[in-house]
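Reviewing the structure listed below.
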């Protein structure tokens, strides 16, 4: 293990385990969305130009903000994390970190992210990160998650904020392309999350979390997945006027593939077959990464946008 390797080099294993526990609180894998969304958005906002300093500074500030939100989410969800098999090994669920310490850690990260982004970018970017943290903790985690099956629909708005933060860091405003990218992630979140929840619905049921797969039939859930997948793909195409042909081609091809997977899942359920929703969950990550990577390449090349050909 990582801790063992560090122990061998002279660092106490207890200290290393504590450090790794605090890192785990921030949910590093979830923060990957920050990297996927922020960099291409910033490149689009400053089309044809790369400001490495600003990109790195925004990523660091955004990472602290996301880490803060995830840590405070762990604090609020510690009771249900102990019940669910998928989350039982999280630091607070196994008492690897005192709850009070985790709370202070999360708050400090949030304040630091605001101060950093205000200093390195602008006040709007810092304010957007604070709004994201507050929304994720109070609206989603404490308000919606345990009360409605539509929790991830509205609560997922917090995960869309990297697009707004990235755009505002470059321009100091929130332009319509940033809102379109916000919409892409907003509509992508339900099918992505519901596919996972289909696989772990008994976990959610035991924890008392009314995810859609817990309270609705598989046919209803997969139908909703198809609807939101269509909305996701259509929203990616709405961004085309602000981009070039590379992004347009990637969005079309990747969108067709994503739609095919969603429809296959729905068709399998309709036929009464044993389906594998986790496959859609995993591949939806690849879909989003491909679309945003296509946007990044398109933006770096800086070719004329499709919208410019129409005046």
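Cβ coordinates come from backbone N, Cα and C, glycine included.
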The residue range that Swiss-Prot labels transmembrane segment, out of 242-262, 263-283, is 242-262
I'm validating the feature mapping. Which of 200-220, 221-241 is tagged transmembrane segment in Swiss-Prot? 221-241
Where among 19-39, 123-143, 169-189 do we find the most Cβ pairs under 8 Å to the transmembrane segment (290-310)? 19-39
Ranked first among 55-75, 123-143, 221-241, 242-262 for CB pairs under 8 angstroms with the transmembrane segment (169-189): 221-241
